[in-house]
């Protein structure tokens, strides 16, 4: 049995009863597998006996020492809860240690007895004494139970100690060692000098030495990253091949030539990569990602033109009606001279318009379909669907994506991410995808200038904005709330829209938020694009997709309430032309350390990939990319940032394996085949 199959109940393990199981459940430990993979958060190195350091140089230290008790005395207020020990350590003069709230141990620390003790000791200059409150002690012996070892320290909850968890883990491991089997192929162990799975699990929980502990960590990191990538790659390797297409670039080249600007080198490379995949005998699965304003949407559109030219249909999915409408309008303008039939399909369409749209999709007269979730519906039938483009892919589930692909045969799929994803994370999360990166911005774009300002300096910001408005430019204001809340002392869209109408009386101010009807949101955005609205007050609903080249200023109030990637996305709504743009972050003090870090990072960095990496380090992948539902993202031991080199190595290893595994041992191939089958049989989603 593989480790992922050890989903047996915990009751009985190490004498666990219902109360103990409940406590482990509070730590998200629900079965034997979870318990085995509940790795320590740190370790106490009790291998070597130490003497107290020179207090003139060191005021605090974690250490294990040995001392003999020479005397003791209770002290403190009338309750006398504290204990003062006079002790003699190795080769040292007698000195005193304070044990806070430990007077009840007077009869344990008997005079002339020798003890091991491990604790965080702190030196107090005023009393001239070393003190500790939480410690572990044991009567001195040649074979101590908890000393002269490296002990694991686990995350805890009420009623549990690291010692108890160690006992439970020990019995769970014995069970696995008896009935389990490895899921690490030998070629990985030999090439990277890894431990066996059994040895790695034993050493991670009960290290025999610091050297073996590091080897165990390395092994389990490789294993976790390997399995993550292997499962998705294995699935894609079993995709049936199709007949190759012989696509032309004629229409693509005509449209590119008609553009009033030149594509960036990254855009050209991405289009070529996609074109190669579309012509191959294997359906494409590719992730297209780039920084804010890098031109991903244009690349996606252009890449579909060879298929439309050949008589196939292309579906372009957006997460909201507003964004779908914007894409439709922009693409219509680009394709107008080329007689390409387009259809918009959203849930907010009137019944008659929706019926017409569905009919044009069904009979094949529509080559490019832009829409929202409505494209997924059973009533939406395609005549010749060949290519699916999904914008903001994380907002659509795997099942939805597969349903859309199943509306055609051998359908190619391109996923786009609004948030730049660090390379190491993309290679792991999307192990079954090829990845195209667009890092360069279109020519002529100027770097956005970012300013930080404390609340109370609004008038200075308003004065700056007036100068931009006088030039005919437009402005955004973003707030964390739609309406006022009794829970939070935060500015909101409704009230600030009224105030800003007073402040900027000579200009047109309107607001946009998620609770407005779809048709009203579309009307407001049309007015903003046509410069009938000068100032748009909104929530973070504008963070993705809004594209108004004439808008040069963005003001975010209560900026400390927003995440790094969200702030970067919001900033990306300006700077979308050759006009100099400005980003104002108004924050309210006091700031948390994380809040200070976010604001400092966003001010000093314009690179979305760098910002995403810092956000990944801060918040983890689930929160950052909206992927909380994907349980496999909760890594047990690997780290997407710190272990990026291993991620790349494993990716390259799997490239070789899936390209030609004839050089690999049959035992390894059989192991991985069985592993994949057992994973599917266990009901896992991959």
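Glycine is treated like the rest: Cβ placed from N, Cα and C.
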Stated Swiss-Prot location of motif 'DEAH box', expressed as one of 387-390, 391-394, 395-398, 399-402: 391-394
Within the predicted model, mean pLDDT of the motif 'DEAH box' (391-394): 67
Among 294, 297, which are binding-site residues, the residue with the most C-beta atoms within 10 angstroms of its C-beta: 294
CB-centroid shell, 8 A cutoff, ATP site 290, 291, 292, 293, 294, 295, 296, 297, site residues removed: 438, 441
Within the region 'Wedge domain' (47-148), residues counted as helix, strand or coil by DSSP: 3 helix, 49 strand, 50 coil
Which same-chain residues, if any, lie at least 6 apart from residue 290 (ATP binding site) yet have Cβ under 8 Å of it: 266, 296, 420, 437, 438, 439
Secondary structure at residue 294 (ATP binding site), reduced by DSSP to three states: coil
